[in-house]
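Look at Swiss-Prot and you will find Arg61, Tyr195, Lys201, Arg322 tagged as substrate binding site. Taken from Swiss-Prot, the feature ATP binding site applies to Lys201, His220, Gly236, Leu237, Ser238, Gly239, Thr240, Gly241, Lys242, Thr243, Thr244, Glu285, Arg322, Thr447, supported by sequence analysis. According to Swiss-Prot, the feature Mn(2+) binding site maps to Lys201, His220, Asp257, an assignment based on sequence analysis.
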Amino acid sequence: MEMFGVHNPAIELATVGLGGAASVRYNFSAAALYEEAIRRGEAELTAQGALRAITGQHTGRSPRDKFVVRDINTDGEIWWDNNKPISPEHFAVLRDDMLAHAAGKELFVQDLVGGAEEGHALPTRVVTEFAWHSLFIRNLLIRPDTAALSSFVPKLTIIDLPSFKADPARHGCRSETVIACDLTNGLVLIGGTSYAGEMKKSVFTVLNYLLPAKGVMPMHCSANVGPDGDAAVFFGLSGTGKTTLSADPARTLIGDDEHGWSENGIFNFEGGCYAKTIRLSAEAEPEIYATTQRFGTVLENVVLNESREPDFNDGSLTENTRCAYPMDFIPNASKTGRAGHPKTIIMLTADAFGVMPPIARLTPDQAMYHFLSGYTAKVAGTEKGVVEPEATFSTCFGAPFMPRHPAEYGNLLKELIGRHGVQCWLVNTGWTGGAYGTGKRMPIKATRALLAAALSGELGQVEFRADTNFGFAVPVSVHGVDGSILDPRSTWADKAAYDAQAEKLVSMFIANFAKFENHVDGGVRDAAPGVKVAAE
């Protein structure tokens, strides 16, 4: 076996059974990985110098093909209602077959770290058969300095072989695609998919399993910090504005997607960003756009024209087009990936039912309730006319990546909020003046003004009213914001229609939360919404 690149000679691929590879390229730089990816026909260069790759059949994650090994250690620790088990025996066969499949191949290795706080970091070795996957994960995780590579010892190994096709009967999985996590032995196997995001989210899943046992809260969130050290955390599902609203030129970006909250404060799990690019423009998101125009960035499933210029408005391959770049490509990004304890937590929702106010203050019990609910709403396409919004509840704002029971994360979050006196807000970036189809999208200018007031502490000084449906505190008036949007009911022409819509949404919340009732205390149960129709 030929070996190239800096690495720890005591921890070679033979230690995980990959000694039969034809060659191994350890910790190659971006330039070297560009050369390899283009030489092998995996990717092509854009006019501006980014590397574009197409993932084929899978243009997003495959949550139905993700499995966790159910063994003596994980049996009582994992939330099996939400995580699919695979037996140790099936996993062993899958592992052996994947190792055999890798024999004779050129492989790429990156030795990286998940977690910017040293005491909670996860040294991770990622073995890939694609050079562009190696560049992707090099961009996304934290890179140790060169001197540290010669003594690097991984605690997690990911083996990523897109050309391997699983056999459901033989391997105990669902299809030819498989993502299998052995949490006890620190091994993740990915086969049958070229979508690079599976690697990133596998690291997140493992950290979400390991950290709560150490009293550290893992979070699917973005985070930033002000000039006075006032950190803020932004929870939110896809499409709620998590990346957009945390990108604030007046504040330093800590990270855009995954963080931990320890006894020392918050820290990024990653060293890069994986941003959506569909309809990306220099005007709306100049910093993210700029990363797509330079060497080192990976563009995933972005359409190029004949001149190799990216067309970010073309979603013909997928709406889930992405770019992956190192954190230091963003001008105001944190160099450490760390900050103190958050002063503010923002929970984002895009309420397409038009019921929720643009901002509401949450008590710790209400914060835990809405964290466990993880609500937003999807809207369908309008080709066949307006359709009903669809409520989406993804507990902890990231159910697919949470191996433990949601109550573990919720109780830890509530305890940290109380201990550090964190102010929590629910921010609705969805619809006002009616539901999707009749109302309009919440003005981004108003959202930014309300957010700025919340982060500065100004919002805490205004008069509040209790929301008649959800019980949380809503500001009556805020300087610089049109007062009419603060009371959603008043923005609807048909008040009875608003009341009916509110009752419908509240009933969805209650039905969804039923599965958590026995796992939370009375204070959180009492934070549930209840309809009280307002006077005309």
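Cβ atoms here come from the backbone N, Cα and C positions, even for glycine.
Keep in mind the model is a prediction, meaning the values are calculated, not measured.
In the three-state DSSP assignment, the secondary structure recorded for Lys242 (ATP binding site) is helix.
In sequence order, Lys200, Phe204, Glu258, Gly398, Phe401 are the same-chain residues whose CB sits within 8 A of the CB centroid of Lys201, His220, Asp257, the residues recorded for Mn(2+) being left out. With a 10 A radius on its CB, Gly236 (ATP binding site) counts 25 other CB atoms from all the protein chains. Using His220 (Mn(2+) binding site) as the reference Cα, a 10 A cut-off selects none from the binding-site residues Arg61, Tyr195, Thr240, Thr244, Arg322. Neighbour counts of Cβ atoms within 10 Å were taken for the binding-site residues Ser238, Thr240, Thr244; the minimum is at Ser238. In this view, His220 (Mn(2+) binding site) is surrounded by 25 other Cβ atoms within 10 Å of its Cβ, with every protein chain counted. Cα-Cα distance from Thr244 (ATP binding site) to Asp257 (Mn(2+) binding site): 12 Å (rounded to the nearest whole number). Closest in space to Ser238 (ATP binding site), of the binding-site residues given as Arg61, Tyr195, Lys201, Asp257, Arg322, is Asp257, taking the CA atom of each residue.
DSSP gives Lys201 (substrate binding site) a helix state. Asp257 (Mn(2+) binding site) and Lys242 (ATP binding site) have their C-alpha atoms 8 Å apart, to the nearest angstrom.
Here the binding-site residues are Arg61, Lys242; the one with the fewest Cβ atoms within 10 Å of its Cβ is Arg61. Neighbours of the substrate site: apart from Arg61, Tyr195, Lys201, Arg322, residues of the same chain with C-beta atoms within 8 angstroms of the site's C-beta centroid are Gly60, Ala196, Gly197, Glu198, Lys200, Tyr274, Asn320.
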